[in-house]
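Colleague: One structure is given below, represented as structure tokens, and several questions about it will come after.
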């Protein structure tokens with residue numbers, strides 16, 4: 001098992017190749033992403049029912065009143081005929097973070113259409129028009145909720161709370177044990193943050209830069225600094241460097257950070273990969289200390305003192 005900080009550790013491979021792996025594989029549609037998400041299932045079902053009420057009532061109202069029926073209402077019906085299935089496809093394919101901006105734009109247009117249709121139908125004495133207005137009112141309410149949800153960042157507290165009820169997101173940590181080799185991160189929830197991790201140096205690379213003498217001793221001594229040669233010669237006073245043998249760099253250790261200036265809260269339960277000693281497990285709502293918030297994997301420390309890396313999309317900063 002690779003030791004902590006080993007250059008061949010799976011954790012470091014995940015951190016170094018996070019940019020290439022992000023979005024590297026396309027996911028197919030899964031009905032479980034909708035059924036396992038109570039928020040998506042409820043809102044899509046209500047929107048579909050509201051559209052059906054508005055559609056049938058508009059047909060009846062058009063037949064009963066040949067004149068005076070607002071024709072732009074039909075454009076609202078057609079618009080939501082494509083918008084509601086579009087939301088279903090995005091949620092089922094787990095590509096919310098990819099298309100959430102487009103969804104919010106279309107939903108904003110749909111909200112204008114539904115409210116205009118309500119204004120043209122709700123004041124009528126015809127029962128069919130009032131039923132159509134009720135359907136459009138329900139569509140408007142669902143659209144407002146959708147705009148707030150899809151327009152919020154995944155780390156926003158209301159959205160994180162709603163996502164905590166999704167079974168598909170909770171089961172992601174259980175499925176990642178079946179992944180091997182370069183497939184790390186393919187089955188995990190995607191995040192919009194993908195920053196190259198900071199450069200890390202090994203002890204072999206830093207050899208020769210240490211100063212073994214105290215600063216005061218150097219000032220009081222009449223001898224020249226150790227970094228300068230005292231007699232002519234080929235690099236007599238230069239710091240000595242050691243070339244590690246073949247394979248030696250692979251086992252070089254990286255000292256873990258000692259400062260953890262950030263605090264993060266776990267929004268999901270995570271089980272560490274048993275094949276990677278650098279990962280740590282944590283439970284939902286557990287508070288962790290984080291040293292670096294760049295990249296998809298964060299260096300974290302638990303309250304028990306255990307340190308390791310944790311996926312950033314399972315945490316929110318406090």
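Note: Cβ is positioned from N, Cα and C throughout, glycine not excepted.
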Colleague: Labelled transmembrane segment by Swiss-Prot, one stretch among 72-92, 156-176. Can you tell me which?
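Modeller: Of the candidate stretches, Swiss-Prot labels 72-92 as transmembrane segment.
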Colleague: Match it up for me: which of 18-38, 39-59 does Swiss-Prot list as transmembrane segment?
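Modeller: Based on what Swiss-Prot states, transmembrane segment spans 39-59.
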Colleague: Can you say which of 101-121, 185-205 is given as transmembrane segment in Swiss-Prot?
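Modeller: The listed stretch tagged transmembrane segment in Swiss-Prot is 101-121.
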Colleague: Based on the record in Swiss-Prot, is it correct that residue 126 and residue 303 are on the same side of the membrane?
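Modeller: Membrane side for residue 126 and residue 303, as annotated in Swiss-Prot: different.
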Colleague: With Cβ-Cβ distances below 8 Å as the criterion, list the same-chain residues six or more beyond the ends of the transmembrane segment (72-92) that contact it, or say none.
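Modeller: The answer is 29-31, 33-34, 37, 40, 44, 47-48, 51, 54-55, 58, 99, 103, 106-107, 109-110, 113-114, 116-117, 120-121, 132, 136, 139, 146.
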Colleague: Sequence-remote contacts (6 or more beyond its ends) of the transmembrane segment (131-151), Cβ cut-off under 8 Å?
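Modeller: Distal contacts: 39, 43, 46-47, 49-55, 57-58, 60-61, 73, 76, 80, 87, 96, 100, 103-104, 107-108, 110-111, 114-115, 117-118, 121-122, 124, 158-159, 162.
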